[in-house]
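Sequence annotations record features per position, and here Swiss-Prot assigns active site to Asp14 based on sequence analysis. Summarising the annotation, Swiss-Prot assigns active site, proton acceptor to Asn62 and lists sequence analysis as the type of evidence. Taken from Swiss-Prot, the feature Mg(2+) binding site applies to Asp14, Glu201. What Swiss-Prot records for 15-19, Arg27, His31, 59-61, Trp63, Arg65, Arg182, 188-190 is substrate binding site.
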Amino acid sequence: MNHKLPQHIAVVMDGNGRWAESRGLPRVEGHKAGLDSVKKIINCCLEKKISCLSLFAFSSENWSRPVTEVNFLMELFLEALRKEIDDLNQHGIRLKFTGDREPLSQILQKQMCDAEALTKNNQQLILNVVVNYGGKWDIVTAARKLIRTVLDGKLAYDEINEAVFAQFLDTNGMPEPDLFIRTSGELRISNFFLWQLAYTELYFTDVHWPDFNEHEFELALISFAKRARRFGQISQSE
């Protein structure tokens, strides 16, 4: 493919439950099927040498779902980490986790830390799994850290700018997304990367996440390649 490619893609993997319900299956079966799509898109990113992929796996609002579904999602996440970590490492994938880890189980937190430590030197792809995250939480938490840094005398008030503030976000060290993808027909970003998506190209598709395959990913990349990214400026033709 000769057209330009995004270097950081952020994905809201929506529609697992609706996919299952449309087939007369329990919602949890949709979450299981969604893992296959995760693997497909990771492989696509490796093939196309895309440097960073962020997957919104669990939002801070998802705790309001039925307890049985939340528990299943946490167990599925833990099981997938244990099962896939060696393969991810062998393919040169660096795992990172964005979000508030404190409410997660100690077992899951340890597995996440171990995965980050094991893959920290890998350079083929950054796989950023976003868990228990909300964009408002990220900004408020960053503001608190920034205020504490100023009060401690480590930073002057007049030194604060956008670049400095971004260093206190949970995504510090990662580039801002070039392309945002949301599946299942919802036309919103749902409190995901509110700061980071300021100039990101948005792509929405009606396809449920378990049906989002290599072809659907290619369509998103083609759409991105047709965009004129202006970052608040005007194009040369205007």
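Numbering starts at 1 and runs along the chain as displayed.
Any Cβ shown, glycine's included, is placed from N, Cα and C.
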Could you check what DSSP calls Glu201 (Mg(2+) binding site) once collapsed to helix, strand or coil?
strand
Hey, which of the recorded positions Asp14, Glu201 is the loneliest by Cβ count within 10 Å?
Glu201
List nothing but the one residue from Gly15, Gly17 whose Cβ has the fewest other Cβ atoms within 10 Å; the candidates are the binding-site residues.
Gly17
Tell me the Cα distance separating the residue listed as 'active site' from Ile189 (substrate binding site), rounded to the nearest angstrom.
11
Sparsest-packed of the listed binding-site residues (Trp19, Trp63) - C-beta count within 10 angstroms:
Trp63
Which residues does His31 (substrate binding site) neighbour through Cβ under 8 Å, counting only same-chain ones at least six apart?
Asn16, Gly17, Ala20, Phe72, Leu73, Leu76
Any idea what the Cα distance is from Gly15 (substrate binding site) over to the residue listed as 'active site, proton acceptor', rounded to a whole Å?
14
Are any of Ser60, Asn62, Trp63, Arg182, Glu201 (the recorded positions) within 10 Å of Asp14 (active site) when you go C-alpha to C-alpha, and if so which?
Arg182
Can you tell me how many other Cβ atoms are located within 10 Å of the Cβ belonging to Ile189 (substrate binding site)?
17
